[in-house]
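Encoded as structure tokens, the structure appears first; notes follow it.
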Amino acid sequence: MKPAGPRKRAVDPLAHLVLTRYMEAHFEALLVTGYSADTVRARRISIRRFIVWCEERGIAQPADVTRAVLERYQRHLFYYRKPNGAPLTLGSQHGALAPLKTWFKWLARENHILYNPASELDLPKLPKHLPRAILSVQEVEAILAEADPATPYGLRDRAMLELLYSTGIRRMEVAGLALYDVDATRRLAFVRDGKGAKDRVVPVGVRALAWLDRYLLEARPQLIVAEREALFVTDYGEPVSPEYVASRVKRYMEFAGIQKPGATHLLRHAMATHMLEAGADVRVLQALLGHAQLNTTEIYTHVSIEHLRAIHDATHPARLQREDVLAADATDAARQALADALDRDEG
């Protein structure tokens, strides 16, 4: 048997195109200025899709791309249907077009084209979706209680779950925490290179710190096999990954019998919603969650339906009048008949 030779690198079928060369130059500039490889990877998918569309229509040079061309592409995305017949969501259309605006802005700034054809291109308006599910306080406590602190990995998981719920940090952020990023004395955690490559400081609750302290003293020394800076390590002593964090949360959700979609982000949503219900200002939540725009945080002002219903029942004049009617001096049968009639009227 012949020894296996070196693996051949796949040839990029778009490499010979002029548009591709300008795309790669753009991405190199983004990396130099501090954009993450993940951001570049996501934008490459969108711009390559546009380049393929251009090649099919004989559009070869950046200067050939006009506003009319971009609007044609926008209509193409709007009418495009996936293999299952479903259209692209507005979010997907926005995600496909936004990198093009950035790319052509760069091309114009670097004098590769005379003007920016995307400057007046209107992007689809992104809908503001409510989180699909919100955990109640009782459900969060049930999830936390499933981690068994009698075992090293269970104690690690309890500390990790408590930290997620206490701070609302993302799974990639908890995976990126180092030992020196938690200041127990000042009750703070330093989130480095969070979403958007931004650092921030978040407070950590007393209960979460107590579990972290137990983990560091009792569990982590049993899990590590070599010196590691990572705060949380796997059963084999390696730094946890974002996917590992999510899998642990999902595991304890299943143990607690909670079937709601999501994992780590559910704890983030729960933290924001529960704090808002308790009176936290939305701008405080914006800082805690690391949202660049306030309107991203304001979605949480709409999510607590049960809380809104309770307040409505307790304070709305019509509801109070109904209770007065039902409490009036009447027979039990008459009161029940009146209540049934009111319920039918409300329906």
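For all residues, glycine too, the Cβ spot is worked out from N, Cα and C.
As given in Swiss-Prot:
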type     : residues : note
ACT_SITE : Arg170   : active site
ACT_SITE : Lys195   : active site
ACT_SITE : His265   : active site
ACT_SITE : Arg268   : active site
ACT_SITE : His291   : active site
ACT_SITE : Tyr300   : active site, O-(3'-phospho-DNA)-tyrosine intermediate
DOMAIN   : 17-108   : domain 'Core-binding (CB)'
DOMAIN   : 125-313  : domain 'Tyr recombinase'
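The distance from the Cα of His265 (active site) to the Cα of Arg170 (active site) comes to 7 Å. Between the alpha carbons (Cα) of Arg170 (active site) and Arg268 (active site) lies a span of roughly 7 Å. Each residue in the domain 'Core-binding (CB)' (17-108) gets a DSSP state, and the totals come to 70 helix, 2 strand, 20 coil. Remark: Arg268 (active site) has Leu164, Gly168, Ile169, Arg170, Leu289 as non-local neighbours, by Cβ distance under 8 Å and separation of at least 6 in sequence.
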